[in-house]
Amino acid sequence: MTAPQVELLNMTKRFGANLALNNVSLLIRSGTVHALLGENGAGKSTLVKCLVGFYHPENGHIQVNGREHRLNSPKDADALGIGMVYQHFTLVPSMTVAQNLVVSGARLPAYINWQSELKRLTEVTKKLPFHVPLDVRVSQLSAGEKQKAEIVKQLYLGRKLLILDEPTSVLTPAEADEVLGYVRSLTRAGELSAVLISHKFHEVRRYADDVTVLRRGASVRTGAVADLSDDALAEAMIGEPVSKMVQHAPKSPPKPNIVLSIKDLCVNGDNGLPAVKDLSLAVREGEIAGIAGVSGNGQLELVEAMMGQRDRNGTITVSGSSFNGTRKEIARLGVYGLPQEPLKNACIDRMSLAENLALRNFDRAPLCRGIAMNYGALAVQAERLVAQFRVKAPGLTASMNALSGGNVQRAVLARELTQDVRLLIASNPTFGLDFVACEETYRRIVEARNGGAAVLLISEDLDELLGLVDRVLVMSAGRIVHEVLADCADKRVIGKYMAGMKAA
Amino acid sequence: MDVTSIGWLTLPLAILGGAIRVSTPFIFVSIGELITEKSGRINLGLEGTLMLGAMAGYGVSYLSGSPWLGVLAAGLAGTAFGLVHGLLCSVKRVNDTAIGISLIVLGTGLAFFFGKPLIEPKAPALPSISLGFWSSVPQVRAASDVNALFFVGILLAFAVYVFLNRTGWGLMLRTVGDSEDAARALGFPVLRVRILATMAGGFLAGIGGSFLSLSYPGSWSEGLSSGQGIMAVALVIFARWRSINALGASLLFGGAGALGPALQGVGVTGYYYLFNAAPYILTLAIMVASTSRAAPFADAPGELKLHR
């Protein structure tokens, strides 16, 4: 079988009252890369999950090479040679790459002779352009290696239509080029067709032949990439003409006093191994320092250690006094944060919006009188913050669950940034947010900086980082390996450091 | 020869013999629990299964005259209990820990209820294999009288190792327990695998229970288990979810359990109850030592809700 042509016709899928896909059609031509572009929640994942048999659409047909097929389970998709590389990898972490390959085969072997099995797998994977160690546990691979292992798995299984779900979010620019470049060469050779889910225009432009833009479950634009301008794509994506991306506020030179100072920090990861190694850094008043790096290089552990959520060795001082993340210190030193996935990490999802807005100051007047809460004052504060940050919610007493991702973020911004912020720690603050909420987050971060706060921004999105920060630090394997002023930053050089290469 | 001629050796011999005897139910229960946990579920109900197995095994052995039929019946009773656990936990938002605790109560209750008429009669016991024939010292002979099920348990530990590492089904079980997403993406029947794994765990725990009532001297009473089903959960954590380790850990727990009786046997009668508490103290110590905030259960199956 060579590269198939796959067509989805009039796909409709509901989740309860929510229309996730509304009559979407999509044609993936044989031997091409078809990009699916859209904001979070636009229906990209739902659409491809129908294509791999995970979801069953209420309406619609799927045709492969002109013949109609019903896909009731991932097994049916397997049989047609359709495979997906998920964003959250579906390799089993505690098994080796070889075990993962064997377990994913169409037929489970009864008894496995690992010696001959390994020999066979080595033969198969030798032909691929990238090397993946077979006898290493997946949990010990870097995110980039996992991505490659996923693709190796798909090719090993003989898949002919490959679906890649935001593949580059965990890769360095060079790795992204290696992986997507290889997929593209395979499609060019007519051995494969591919679907690339993305929200990055330059990626779509570089690797895709055709593009379909989804918005709110509907296909709003489709065509050859070459025929569509970036502006046209962006407009289709958000449904209105685009205002310019983050306007860089004129940079004022940072003041000399250091707000955050970290010295010789060592932190262990969940697996008990060192994740942050002898890390030192300083952030000054009125500057945004950004930490770039591929996910899984110690950023999460660094943030958790700073916030007092994780044991650590080394010193962290804020404005000269030692900081351990106690509630008293947070209030006195003005340390606030924008964590990634705010609903999970910055909110209590079953408490109301008003209560969540009060998490920072419910234990101080006027929100409490002695040991009793003053619910009147709580409501007044919530009303003020909701108006000021334009949080859209069913009501102040609605539970946090009921808010959309963008509005959860606005609520968190309202709570954190209306305090007396002297140090802001933002960790992938826009992960999974829609366009408008991203813009708003960027604007508020820059405002906090301009108000004199020191900002430490940790982001896996290099474009986002370079657009915001005054100084870039690159983190790799638990250390800061490179530091450069944003004005002099070169993306390729940073990418090399992200990949752990010494010489640039 | 008389007793004094082997002197201080009496104590280690008694502990060794006791360890083998006490560890046998631990081997079965812990390997059963290990299989269940490898599928991503925890079955705390094995304490109840153990009692039910002890009762069912004794009853069937008494009625049929064959202890091995009793063992089989105990296993089947355990399988049924595993099925109940497996099915109940497959309902959305049902918590496996809570179901397990209720099954402890149900299992012991059922065992007491149906076991009332079994307290008096004498059922045929499982055979022992005497490995002490070469010695004329009675302590050596006593310590070397090893129940046949112990050897089955050793074989079981190795068989489970091979199953988990060298068979396709074993890999499927581990996939389901480690990453539900991956299992679904591969089209594995996640619920069915979990239910079967819980049934297999119940089968082994039932057999462990039959050992309690059918090994020498063999009797049914309501105080047979004394928490071994619960301790097996700690034992699996201590064994890092590896069957061969579970075998060793069972012997260690068995040794701790044999400490009290062994000391009594050589005439140390003080602190009897304190020494009898050794396995529980060991459990606590192991749990404290093998868990840490920095590295919560690194080897645990990913879907296991132990540390969330």
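The backbone N, Cα and C atoms fix where each Cβ goes, and this holds for glycine too.
Residue ranges B:171-192, B:193-214 are listed, and TrEMBL annotates B:193-214 among them as transmembrane segment. By the Cβ criterion (distance under 8 Å, sequence gap of 6 or more), the transmembrane segment (B:220-239) is not counted as touching the transmembrane segment (B:69-91), fewer than 3 such pairs being found.
With a cut-off of 8 Å between Cβ atoms, the residues of this chain six or more beyond the transmembrane segment (B:44-63) that come close are 25, 29, 32-33, 69-78, 81-82, 85, 96-97, 99-108, 110-112, 114-115, 118, 121-125, 201-202, 205-210, 212-214, 218-220, 224-225, 227-230, 232-233. Simply put, out of B:6-32, B:69-91, B:98-119, B:193-214, B:251-274, B:6-32 has the most Cβ pairs sitting under 8 Å from the transmembrane segment (B:146-164). Ranking B:6-32, B:69-91, B:98-119, B:251-274 by CB pairs under 8 A with the transmembrane segment (B:193-214) puts B:69-91 at the top. Proximity of distant same-chain residues to the transmembrane segment (B:6-32), defined by a Cβ-Cβ separation under 8 Å and at least 6 residues beyond the stretch ends, is recorded for 46, 50, 78, 137, 139-140, 142-147, 149-150, 153-154, 156-157, 160, 200-205, 207-209, 211-212, 215, 228-229, 231-232, 235-236, 239, 243, 246-247, 249-251, 253-255, 257-259, 261-263, 265-266.
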